[in-house]
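Down below is the structure, laid out as structure tokens.
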Amino acid sequence: MQLIVYLFPVLVTAAVAAQSLGDLSYIVRFPDISSELLQKRELNYHTQFFEKLAADGIDYLPRFNYSSPALHGASVIFRASNDSQTGQSKAQAELANLVYLRSLEGIVAQAWPTAKISHTKKDTITSDIDVNPKAGTLDNTKKKLSKRDSTARTCPRDVSTSSPWSAIHKTTNVDKLHKRGIKGAGVVIAVIDSGLDTLHPVFANKIVGGWDFVGDNPTPGSLNPGPDLADKDGHGTHAAGIAVGSSNRYTGVAPDAKLLGYRTYYKIDSFVSEDILLAAMERAYSDGADIISFSIGSAQGFAGNPIGIAAENLIKKGIIFVAAAGNDGRNGPYNPLNGGGASNSLAVGTVESEYLATWPITAVADGLDQTRSLTYISTNGAYFGLNGTQNADYSPTNACKIDAPAGNSSLIVIPRGSCTDVEQFGRLNDLGYKYALLVNGPNHAFLHSFNVTYTKTLKAGGFIDTAHSGWIASQAHAGNTLAIQFNNNSSPISVRSVFAGAGYPNVVTSWGPTYENYFYPSVVAPGGDVLAPSPGGVYLTVSGTSFATPYVAGVAALYLSSKGISRSAGRPSTGAAFDFSKRLIGTARVLDFYDGKAAVSGVKAPLIQQGAGLIDAARMIDQDIHIQSDPLLSLNDTRYRQATQKITIKNTGNKLLSYTVRHVPGTAVTVANASGIISQFPPPYFKNKSAFVTFLPAVWVLAPGHSTNIYAYFSFPSTAPEGIVYSGKLEVTASNGDVVGVPYMAVQQDTNALISPFPSPPVLLKGDPATFQYAPIPDDGTAVFNFAQYDAPRYSAYSNFGSRFVSVDLVTADFDLDAAVAANAITTLPSRPGYLGPAGIYDPNSGSITFPQAPLPRMPKKYLEFPIVGLAENFAQLEPGRYRVLTRALRPFGAPNKTRDWVLYLSPAFEVVYK
């Protein structure tokens, strides 16, 4: 028997963790009405809806009324006192309530349960700060720093007098637009996030409005909205600063644009509710936003979710909607978020910055006899907060071995050792130092060290590059005193990063395609290890798709400003969002692949990781040829293949141009193996596998202002194994040198047949609570669980793919699943003899978890695991007896009324006793 050890049992993620049965919240969409009837009819829909609830005896609490192009509808809480919810599990009550809401024909067009997403760094929210702006605990038990030291590349130190963002803007050609005076004037960007530090210098004279939807310490039934945008987290301040910030130290992407801020969650470890995000989207539209930057989302990335529908509606009104692609790249393909997965939204991945922020200081030896100008890089990118001359202790013993203070100063300069940075700074903290600068040796990389957080004595730590180690050591050897001159008005200085992944798509970027096999993500932009404003008037280095997203929002402002298009200027354009996305995608540049350890020579990053590639702001605005059709081609899988694609190209210039088209193959990727298991990062890739494409026409001429259609005919190798995604670009080149690329993606598999949400039977584990050792129960039905001794079966299922319906149910040991399948009775299983109901699941850390889950995304930790404690119905205790566990999951593209589209597993029998 296989022995499985779980030192830290994995729980279902908070993206799907439910509350204990109580108030249940829903979002409803009212029937579509024409714009001329909107003002006349909208109030009636709201009135009719709530009057109907009251007439039917529903105890409800209104949350939000939606009356904008984003969504015509409402959100409402059904209180726990409703008769329809008594005697049921949360999921059962939720389904019953949804059936009721969807039965209100003529009033309700669609209804969804309101997703409540726990906002933590490890959750499905794209809150991807690698540093905590607040003091944390200096934890010497943390894992060793990321493998950056071992993957650093050696190159000459490139120190620039320019700011980090000035250097980064050169990689996207934003700097060229700034030099031409294109800085986003007249455009308004809305940042929906954690609020803003409105007093930060980078936002001076920029904020034109906003709203706090939650207040401090909110609960689902009690929000505290108001005008105070105070950012208790930092995420929103980071994002907004990247988009529009400007000061003598900092230049964001669109420094002349205006800003709207919306606070939708309280702080890290607080929840954000889907209906609040909808309200913020609606408010942004009514407040005059031209662009929405949306760095929040959940992994429930199926099409047709409320956020996606609202985004699509705003895009049709010309509002550019830019969403984070997500930070689950290490989980491999098929990890879309709900906002980025919306049709025509821009899902943005992140590129690791080629430049890092350092801070200038002057080292002074033996009074003022010898000085040396240098820079330091702090662990989190922030300035130390010191000013003037600070005497420093120096120890020739490295920070791994020092065991006593080297003097009486609060600042120490010391050689960096070979143990972890957490250990070194922890030792200096224990010795009473407030500030520490570790001097690199020849084997150290000049990079951030995000694992270090501070409390107790040590306030800040950083590193001095190897080039200065000899001079510093020589001064100490000569017995000279050492001091460091800080200037808190100094500006950061960029240095070229030695990280091996710099300049490549960041490994955190969530991969596509979507669960429906649509192209994902759209593009990538700088967002890895970038300097950003932080609450308190300071700056930090942050990393993630959350910060590439406002970069693209800023580029959108440059585009609108260059065209004189904006709502505030009285020149809105309903086609602006479509035009921008087509231009941005068509001019993006494909980047090479970084596999998490090294750059892969001669291999382009798969397009399901980087989308169309790195954005090019200047080409996007300046080119004379542009895509008029869908800029991202999704050919779907072998069952739903769309092998013929029409591309429309327009000459927007003033000269007659000739054109040619060619196929540029991308890197093929295995997204699933022969057993349908989704690949993990980095997935297997191939340089020599590609689609075959022919064109009609292949050469043509276009007059100014004219468009033409190109037809592309795709075919694929007949010998290719299932599970490969082919991608590439159809590249059109004009006689004036302009080039536009149309990315495509084709899934070479029958997704419904190959991929299962649970590809192997879930197992029930029996364990020894004293040792945390668990093993699968035997197949012969002899397993016994003594519930009186807290001995309960632990359910464990490999989570391979998202499903629109998953349930884990308890049945009697003699339940006849084969008979149900033969009778095509899967949708009516609850009425079959022996069916008892959804399993009751509980964990003290996350509370109750109930089934069915509809939908259920892939688990970030790969496994869906929990203890089964009884029936979900009122958490009814199981009577002594014999039982099985039934797992039901709908396959991709599955139809609920077709038995073959269900994944069904019945566990071995087990006995429950109380002794």
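Heads up, the Cβ atoms here are built off N, Cα and C, so glycines get one too.
Positions annotated as signal peptide by TrEMBL: 1-18.
The region 'Disordered' annotation in TrEMBL covers 140-163.
What TrEMBL lists as domain 'Peptidase S8/S53' is 184-562.
Here TrEMBL flags D193 (among others) as active site, charge relay system. Listed in sequence order, H235, G236, A239, A240, G261, Y262, R263, T264, S293, S295, I296 are the same-chain residues at least 6 apart in sequence whose CB falls under 8 Å from the CB of D193 (active site, charge relay system).
DSSP classifies H235 (active site, charge relay system) as helix under the three-state reduction. The active site, charge relay system annotation in TrEMBL covers H235 (among others).
Taken from TrEMBL, the feature active site, charge relay system applies to S546 (among others). In three-state terms derived from DSSP, S546 (active site, charge relay system) belongs to a helical segment.
Under DSSP, residues within the domain 'C5a peptidase/Subtilisin-like protease SBT2-like Fn3-like' (634-745) fall into helix, strand and coil as 0 helix, 61 strand, 51 coil. Among the features that TrEMBL reports, domain 'C5a peptidase/Subtilisin-like protease SBT2-like Fn3-like' is placed at 634-745.
Model confidence over the domain 'C5a peptidase/Subtilisin-like protease SBT2-like Fn3-like' (634-745) stands at 95, taken as the mean pLDDT rounded to a whole number.
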